[in-house]
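Novice: Quick one: this structure, given as structure tokens, is what I'll be asking you about.
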Amino acid sequence: QQLLWVFPTEPSDSVFPLNTDDKQVFINCRAKGNPPPHYRWTVNGRAITAESGPNYSLVEGNLLITNPHVVNHRGVYQCIATNTFGTIVSREAKVEFAFLENFSGKPRNTVSVREGQAVVLLCGPPLHYGEIKYSWVFNGQRSFLQQDARRFISQRTGDLYIAKVEASDVGNYTCAVRNMMTNATVFSSPAPVVVRRDAVMGEYEPKIEVQFPDALRVSKGSSVKLECFALGNPVPSISWRRADGNPLPGKIKINHSAGVLEIPYFRPEDAGVYECVAENSRGRNVARGQLLFQNADIAIDAGLQWECKAMGNPRPTYKWLKNGQMLTAEGRARIDAGKLTISRISLLDSGMYQCVAQNEHGSIYASAELKVVASPPDFTLRPVKKSTVVQRGGEAVLECRPRASPRAAISWWRGGQLLMDAERQTIMDDGTLRITNISKADAGRYTCVARNHFGSSSSTGTLVVKEPTRITVPPLSLDVTTGQSLVLPCEVSSDSSLNPKFKWFFNGKAIDFSRQEHFEMIGKGFAGDLMVRNIQLKHSGKYVCMVHTEVDTVSAAAELTVRGPPGAPEGLAVTHITDSTVQLSWGSGPDNHSPVTMYMVQARTPFSIGWQTVATVPDSVPGQMMHATVKGLNPWVDYEFRVVAINSVGVGEPSTRTKQIRTKAAVPKVAPVSVSGGGGARGELVITWEPVSEEHQGGEDFGYVMAFRPVGSSTWIQTVVASPEASRYIYKDDNIAPLTQFEVKVGVYNSNGEGQFSHVVRVFSAEEGKAPDLSSSKTASASEIEVHWKRIPPGSSRGKILAYEILFWEDGSRPSEAGRVRIISATTALLSGLKANTAYQISVRAQNSAGFGPGSAAFIVTTKKPPPNRPPENIEWKLTNSKIFLNWEHVKTMENESEVTGYKVVYRQAWNGMTSVLETNKTSVELQIPTGDNYLIEIKALSEGGEGSSGGPVRIPKMSSKFPTLCGMYVIGAGIMQMFCLANPTCD
């Protein structure tokens with residue numbers, strides 16, 4: 001018996017990168033046969049011999065090229081294996097050197113596309129050799145454009161597909177080509193993409209733009225990649241399946257965008273029809289192609305037709321080899337260019353066949369093994385489908401595909417009745433039974449009988465007819481407001497034996513309930529309602545409920561309109577600026593499905609707290625008006641403006657604020673307030689007022705005008721105070737009698753003129769009084785000073801003394817910055833909140849109905865140094881019966897701290913908070929306390945500067961009968977809070 005043999009390992013193309021450090025090209029060749037074959041090689045059709053040079057050597061049939069040269073060793077290599085039964089020739093192997101040329105520098109045309117439309121950007125790669133990878137760069141970013149459900153890059157052509165263009169897609173796109181062998185990358189000129197504003201593309205069903213061939217022959221063990229991508233609005237989803245209903249092999253890989261399916265390590269069982277399904281809410285489309293296992297099993301007496309095609313210039317010619325020998329067209333074989341036809345196949349036709357395509361530049365080989373089989377019909381591998389479920393009114397297709405050689409004759413039976421072609425019933429050429437307009441009466445068992453010369457066999461399946469699925473409660477189109485929640489119903493009537501599966505789409509994309517916090521599908525069985533919680537504006541759009549059953553698919557759609565507060569007005573502009581008005585104009589923003597009813601204008605100045613609503617003309621700006629005049633502004637003030645739209649839902653987002661503008665200057669419009677005065681020294685009239693804020697000064701060179709006259713006089717005396725911050729003016733005239741009554745008013749002016757005067761008030765001139773006698777001042781602590789003075793004797797003042805005022809200020813600062821303390825009847829005061837170790841000047845003055853009199857001569861008093869900052873440390877305590885014994889370390893003070901004069905012990909029962917205080921000049925104390933409760937104790941150092949800090953309360957637990965003595969230690973320095981031990985009575 002002769003053994004047929006093949007190439008388990010054939011030579012393959014080798015690409016040698018010029019920049020590699022590896023100086024060898026290794027071409028594999030191994031033939032399987034009995035007896036083992038011997039090998040020889042050719043390059044460009046010439047035999048390789050010892051005379052071909054030292055670069056060539058054979059390693060167990062494999063060809064090794066050492067130190068290959070780019071010119072001398074590139075070419076087409078072929079392995080020839082021979083044993084006593086014959087010779088076979090391997091496929092040709094090209095040895096090439098990888099390269100990648102640059103793109104043309106010619107600018108690319110602008111691509112104009114509508115929003116919602118699809119676009120395809122062509123790469124047009126430059127000349128290259130070796131495996132390349134395509135990528136795209138968007139707007140010159142450092143990272144490559146990421147593929148997703150909307151964007152796909154074909155690795156066959158390099159073209160970029162965008163299924164649905166969005167506004168964010170506007171920009172420049174650059175194709176990047178990388179040679180995987182040389183690692184070189186080149187970039188194309190940028191292709192600009194712009195979005196047309198004349199219209200928006202409507203929704204349409206998927207259009208599969210990238211698809212794989214109708215038929216593709218795949219060799220055993222190789223890897224095949226199928227590309228599939230669809231354009232559409234909404235963006236289609238891509239899924240893959242086998243047409244025969246079998247699951248996809250587990251080894252299959254599908255990339256993240258679902259646009260590429262890869263089958264590694266191809267095997268005969270991977271062959272079949274594969275389908276790519278593109279689906280959106282407008283419909284679905286399917287692309288299919290058949291993957292054929294390269295080796296052929298042909299039934300005896302069948303006909304064989306093989307065709308191979310090659311591309312080349314000039315057009316290639318073809319020849320066929322069988323077992324390495326030239327095949328001629330004679331007898332049952334016919335050769336027509338690349339097409340081989342053999343009629344009535346017999347066992348003698350088995351063997352290894354090769355198609356050779358060649359032109360003046362070289363030749364290429366394609367190989368396949370032909371196995372001829374003869375057998376009776378057999379349904380073992382492909383029986384009639386056990387159960388076919390169809391909806392009433394639909395179509396049933398029952399396949400009958402037994403293995404048989406030669407091909408079997410097919411007949412169909414139902415019960416004992418032979419089925420013939422009829423109005424609704426057809427038996428196809430391939431044996432498939434097709435029944436249309438299915439009714440309940442068509443349900444039952446159907447048997448396929450297959451016969452050939454070698455025998456017969458049969459297989460039976462059941463046809464099950466189900467009621468069609470209908471949506472009885474579809475979702476309804478609704479208007480809702482943001483923040484609300486609702487349920488979109490979707491209920492179906494279906495055959496009770498079916499299990500409907502519900503799927504919801506939002507604006508064409510399937511809702512992923514695991515990632516969408518706003519969406520939840522509720523209901524079971526024949527209801528799949530959609531709950532939408534806390535609805536936002538982004539939830540406006542089209543919702544589609546799609547229901548799948550085993551036999552059919554139905555869907556229903558609804559539009560959800562979400563109404564919300566309006567969006568921000570756009571293009572806010574300021575014109576016609578005066579001293580108190582401006583004109584604003586703007587454009588409308590999105591109304592978010594609820595018309596704008598009015599606009600509100602807001603302003604902000606350096607003097608305002610946040611944004612304030614301002615008065616306008618008209619008072620209420622209606623929603624259809626896009627302009628207004630702002631009134632009541634202050635002159636010579638910097639303003640920013642913004643506009644807010646309001647609709648029936650609520651107040652919307654504010655517009656972008658305007659640039660800061662300044663109103664024109666004008667005469668001051670605000671008079672000073674709180675005009676008063678009195679007091680001072682003999683011969684003085686003291687006038688005071690509240691300064692006018694910068695916001696109301698109206699222009700540059702702002703100041704005050706003083707006007708005053710004795711009561712009864714008709715002549716006003718006027719003078720000017722040029723400082724805008726001034727709040728006091730003293731008019732001196734030794735001829736003014738004490739406590740003379742004046743009429744006083746204060747006006748304002750700036751570089752544009754004089755403004756208004758205040759109301760006229762009456763103010764007394766100073767009385768002829770004396771200052772209080774400041775008898776003593778002494779430091780009480782680091783933050784306190786005690787002040788003592790003598791009362792002004794009765795009769796020495798023409799008016800009744802109403803109060804005394806103590807003024808104090810840091811030595812070296814101005815008296816105008818003095819702090820003040822008012823005392824009604826006492827002659828002593830305690831100044832607190834002072835700085836430690838600081839000198840203060842102190843003065844006292846009296847007040848009567850005419851104002852404040854002269855102040856006493858100032859005393860200088862210095863506050864004490866601050867108390868020690870460190871608390872007492874290493875506090876030890878012992879509790880025995882009703883006594884607590886405390887010990888602690890003496891507190892050492894810093895140079896800038898007051899010396900310790902003693903200690904203050906504060907203790908209280910934890911349960912009622914009653915506090916007791918004990919002061920001592922020692923570092924230990926004995927406390928007499930009631931028993932039966934917890935105690936909290938704090939210890940502070942005392943000094944001239946006041947009390948020092950505490951390290952926190954020490955907690956002493958209550959005594960128990962079990963432990964007659966408790967003791968513990970509170971350590972500050974080590975950072976340990978409190979520890980106590982239950983020990984012997986002495987607590988050693």
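Indices start at 1 and increase along the chain as displayed.
Here the Cβ of each residue, glycine as well, is placed from N, Cα and C on the backbone.
According to TrEMBL, the domain 'Ig-like' annotation covers 11-96, 101-187, 206-287, 308-371, 377-464, 468-561. The feature domain 'Fibronectin type-III' is assigned by TrEMBL to 568-666, 669-769, 771-866, 871-962.
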Novice: Suppose I define contact as three or more CB-CB distances under 8 A, residues 6 or more apart in sequence; do the domain 'Fibronectin type-III' (568-666) and the domain 'Ig-like' (468-561) meet it?
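Specialist: Yes, the stretches contact each other.
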Novice: Limited to the domain 'Ig-like' (101-187), I'd like the whole-number average of pLDDT.
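Specialist: It averages 91.
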Novice: Within this structure, do the domain 'Ig-like' (206-287) and the domain 'Ig-like' (468-561) have 3 or more Cβ pairs under 8 angstroms, counting pairs 6 or more apart in sequence?
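Specialist: Contact confirmed: at least 3 Cβ pairs fall under 8 Å.
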Novice: What stretch, picked from 11-96, 206-287, 669-769, has the most CB pairs under 8 A with the domain 'Ig-like' (308-371)?
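Specialist: Stretch with the highest Cβ contact count: 11-96.
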Novice: Do you know the DSSP helix, strand and coil residue counts for the domain 'Fibronectin type-III' (771-866)?
Specialist: 3 helix, 49 strand, 44 coil
Novice: Using DSSP, how many residues in the domain 'Ig-like' (308-371) fall into helix, strand and coil?
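Specialist: The breakdown for the domain 'Ig-like' (308-371) reads 3 helix, 35 strand, 26 coil.
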